[in-house]
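Okay, so here's the structure we're looking at.
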Amino acid sequence: HRRRRRQGLHRAGMQQSIRHTNNNTMFTGGPGWEVPLGRRDSLTASLSGSNNLIPAPNDTLPTITAKFRNQGLDVVDLVALSGAHTIGDSRCVSFRQRLYSQNNDGRPDPTLNPAYAAKLRGRCPRSGGDQILFALDPATQFRFDNQYYKNILAMNGLLSSDEVLLTQSHETMELVKSYAASNELFFDHFAKSMVKMGNISPLTGHNGEIRKNCRRVNHF
């Protein structure tokens, strides 16, 4: 696929992630896709918009599904785009409850591999250390591939929002299994879902601007 510069989503929380993902996934061994040019981009970012629109690490699957559906994305998009967690990091504070008291009962999350949980507790204490970083996919941390789904099948998903794809829905479970079995299928669905996500609520008229540099507003 040809790499092309992405212009504009007004969803502040999504826009930076989407804009750089094409180049980043290709650089780390993942798929590429055609990115339409000439879209208008927001002049500002919105922290509240990001917090309200983007699924949180501890959201239930129905909540995550609803947030995707509200943006015109379906279950296939949800599971495919979650595969972006094959690279990147997460903070201790984002998954601590899984290690110590998932259901406020003083016990770890039963859907988390006990051996993996013990390893995580070695660096993520019960209190403090909130900002300590952990690889979302320690097996292939710097390579974009389908290992994320294999981790989930082994109960080694780092975030609760990862593991619920296996445990809370037969439909999402089957997609996890399919992507774990086929890197090609995952790449195909991920690229299509990225294009679909890039078409969410584009700005029109005189709103925003077409950026000359994707990383910043024109008058920076």
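The backbone N, Cα and C atoms fix where each Cβ goes, glycine too.
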What is the disulfide partner of Cys124 among Cys92, Cys214, as given in TrEMBL? Cys92
On the 0 to 100 scale, where does the mean pLDDT of the domain 'Plant heme peroxidase family profile' (21-218) fall? 89
CA pair Thr86 (Ca(2+) binding site) / Cys92 (disulfide bond), Å rounded to integer, equals 17
Which ones are near His85 (heme b binding site): of the recorded positions Pro55, Cys92, Cys124, Thr140, which have a Cα within 10 Å? none
Could you give the Cα-Cα distance between Asp137 (Ca(2+) binding site) and Pro55 (substrate binding site), in whole Å? 19
